Amino acid sequence: MTTGMDAVRQSFGRPDGFPRHVAIIMDGNGRWARARGLPRVEGHRRGLQTLREIVRHAGDVGLECLTLYSFSSENWSRPAEEVRELMGLLKIFIRRDLAELDRAGVRVRVVGERAGLAADIAGLLDEAETTTAANTGLTLVVAFNYGARNEIARAVRALARDVAAGRLAPEAIDEAAIGRRLDTADMPDPDLIIRTSGEQRLSNFLLWQAAYSEFLFVPTYWPDFSAAEFDRAIDEYLGRERRFGGLKAGVGV
Ligand code: IPE
Ligand code: IPE
Ligand code: MG
């Protein structure tokens, strides 16, 4: 039997301690723009440039998995004009960058609710995943129209359907069974979650997966974030001591 603790251990860390999975809440585009007297959309445009730089760098340092929170299930409540701009930037990113990502061996995965998305957006997300499915380099996970509570609700609904159809016994629902129904099934849990812009909250990001993640909150607005700052974040992570509820080796009676 796999206990919860085994599952936690299995999903974290390489022997050398380098993180397998880094997730970033890319925040502060609007404030970056406001500080310069620019419209918020300009912050989002600059944010896309940072995103490109960080994806390239993550591939260069041999990271296994990078998740980027790019649009939350709550971001629809922003002014229509801003939502339109963010959708436009997603389309630009996939149309212009997909070939290069593919050449670089990046495998794109998208997490978040797909139902109800505009057909052109849904088509591009599918295309990005299909085109790069066989790649073996960095896995780039784009969290788009993503909300962790929505993801968990969809997983629970899928399990309930299986139980109702007689395909699954309620007793078989354990942590692993839930994990397999999440959008992140078969991805390692994030070792490190970075949030830029100084805000210190998760904003509905990876609530289940972050059970034992390390957190790093940096004051930098996302458009000013850089490869050098990413490296400093990894260094800070490498100095942390993760315990998973147990004790450090060598400590105890
Ligand atoms: C992050 O920047 C981008 C998205 C949430 C899409 P924000 O747009 O949230 O920028 P701030 O937080 O208003 O500065
Ligand atoms: C979280 O940032 C979502 C993304 C970065 C895509 P928000 O700016 O939407 O979060 P809140 O509203 O400040 O919590
Ligand atoms: Mg924000």
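Any Cβ shown, glycine's included, is placed from N, Cα and C.
Every protein chain shown contributes to the tally, and the Cβ of ASP27 (Mg(2+) binding site) ends up with 24 other Cβ atoms within 10 Å. ASP27 (Mg(2+) binding site) carries neither a helix nor a strand DSSP state and counts as coil. The Mg(2+) binding site feature in TrEMBL is assigned to ASP27, GLU214.
Among the features that TrEMBL reports, active site is placed at ASP27.
Taking all protein chains in view, 18 other C-beta atoms sit within 10 angstroms of the C-beta of SER73 (substrate binding site). The annotation substrate binding site is assigned in TrEMBL to 28-32, ARG40, HIS44, 72-74, TRP76, ARG78, ARG195, 201-203.
Annotation for ASN75 (active site, proton acceptor): spatial neighbours VAL83, LEU86, criterion Cβ-Cβ under 8 Å with sequence separation of six or more. Residues or ranges marked as active site, proton acceptor by TrEMBL: ASN75.
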Should we count any of the binding-site residues ASP27, GLY30, ARG195 as near ligand 1, judged by a CB under 6 A from one of its atoms, and which?
ASP27, GLY30
Drop a 10 Å sphere on every Cβ of the binding-site residues TRP32, TRP76 and tell me which sphere holds the fewest other Cβ atoms.
TRP76
Have a look at the binding-site residues HIS44, SER73, TRP76, ARG195, LEU202 and say which one has the shortest Cα distance to ASP27 (Mg(2+) binding site).
ARG195
Across all protein chains in the structure, which of the binding-site residues GLY28, GLY30 has the highest Cβ count within 10 Å?
GLY28
